[in-house]
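Asker: According to TrEMBL:
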- 38-442: domain 'SLC26A/SulP transporter' (DOMAIN)
- 140-159: transmembrane segment (TRANSMEM)
- 165-189: transmembrane segment (TRANSMEM)
- 257-274: transmembrane segment (TRANSMEM)
- 310-329: transmembrane segment (TRANSMEM)
- 341-364: transmembrane segment (TRANSMEM)
- 439-468: transmembrane segment (TRANSMEM)
Amino acid sequence: REFILEKARAACGCSSLSLRRLLPVLEWLPQYSPRTQLLGDVVSGLLVGIVAIPQSISYSLLANQDPIYGIYTNFFCNIIYAATATSRHASVGSFGVLCLMVGQSVTRHLQLAGYGDSSTALRDNSSSPRNGTEACDRSCYAITVALSLSFLVGLYQILLGVLQMGFVAVYLSEPLLGGFVTGSSLTIITSQMKYLLGLKIPRHEGVGSFILTWVDLFRHIHNTNICDLLTSLVALAIIVPVKELNERYKERMKAPFPIELLVVIVATVTSHYFDFQQRYKAAVCGHIPTGFRKPTVPDISLFPSLALDALPIAVIGFAMTVSLAEIFGKKHGYAVSANQEMIAIGLCNLIPSFFYCFASSAALTKTLLKESTGSQTQVSGLVTSLVLLLVLLWISPLFYSLQTSILGVVTIVNLRGGLRKFRDTPRMWQLSKLDTVVWWATMLCSTLVTTEIGLLVGVCFALLCIIFRTQRPRATLLGKVSDREVYEDQATYKQLSSIAHVKIFRFECSLYYANKDYFKAVLYQKTGVNPVLLAA
């Protein structure tokens, strides 16, 4: 208790130092140089904003929300992150894995509340948020759950940051996060297949949802909407090659070609002109309102039932944000505070929960784009928000005829990075068999069981690997490199000389009670000297 109070007092002090620590914008903004930094920030912010438009809409479906809420999320969190973060290059917003977890939680609570499943987009944006007196339809209740969930996620992350527990991210190893992202990517692709095929099947949750969804897909394959299928295939045939070319020639290109936005625009115009919805029964986004809605308060009555759901979302959210911030901080030579990043992403979830936003975090694709297009400071995030503001005020109704199959394609294409991890597993096995086991265990559990259990299993496996490595660490004999006072592992380097009557033994771990017996056994084995036998 004293520890918590001490950390809270240190973080919540009213001094100017505490204020600058909470709002890093007060540190870097007075030093901002428009002459040298503004151009890079504007170009980067515009490009990220253009990419964020189709992703905001497509990831909303993944989170089981109306498209407008995805745009709200990306708009608000970029403003807050620019003021509170220490990272100059991390780009926050809707992230596929988090949207999947939000969507799973929302679907469970919709079912508990008695709302039937809907495989189409939630189009009715006219309902008021639930306040206990007004009727709340399915769409309204879905965002009500998401707001309460986002509030709890932000609260958890802020508490971890205030208590200076940024070191927790260290225990979420790269194999663990990689396996989790790949497993979640497979689950996301599965959930989006019904949009590509134009099928109306229920959204399965819980253990075995991955397999049950594929069973339903094959069971209803004869009901495939040919218009949606052809649109999806054409979009895939266009987007994937262009994205590959963007990656292959990214060093030569000043900016990647925004193929996703172009496909979305062309598909929307084509769908509207040929009236795909009426002629071919194609599923479309429907009405997307303009402007902002009146702020609301998250439903406190949902907090007890959402408390556990929010925990893994908070953990994955801060782990992705902190890891990306540290990677690009080291690359560009500036300091990043893990604790402040946790507070920043927590504020990006807590404050927007009053403005119809669901949980967000740093996203790898947009972060790479932001860094590669010349971002200099957090101002680029503000430019991204300005682009989304234009969509919110004037452009969003134009997406009425956009097919949901196109949004599914956009979502799936952006998951290619997670699937490419399969190619790295043979190399990973050569480097570390334990890390490979962690990757596969996390990936399989995240895919075949649930994302939450997959994360838990991954953490348990990672901790067991740490214990195993300290209990049975590597032990070697050292030999001398000729003509040098350097000693290396005799098992790795063959041409080493030994010193007569001397054995140099190296135990690559601290000695403690759990490995003392192994230490003695391997010492006797390597040196060929057993004091017990000598004494006898």
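Glycine residues also receive a Cβ, built from the backbone N, Cα and C atoms like all the rest.
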Asker: Can you find at least 3 Cβ pairs under 8 Å between the transmembrane segment (341-364) and the transmembrane segment (257-274), where each pair is 6 or more residues apart in sequence?
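Answerer: Judged by the Cβ rule, the two regions do not touch, with the required three close pairs absent.
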Asker: Decide whether the stretches the transmembrane segment (439-468) and the transmembrane segment (140-159) have at least 3 CB pairs under 8 angstroms, with pairs required to be 6 or more apart in sequence.
Answerer: no
Asker: Which one of these stretches, 140-159, 257-274, 310-329, has the most C-beta pairs shorter than 8 Å to the transmembrane segment (165-189)?
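Answerer: Comparing 140-159, 257-274, 310-329 against the transmembrane segment (165-189), the winner is 310-329.
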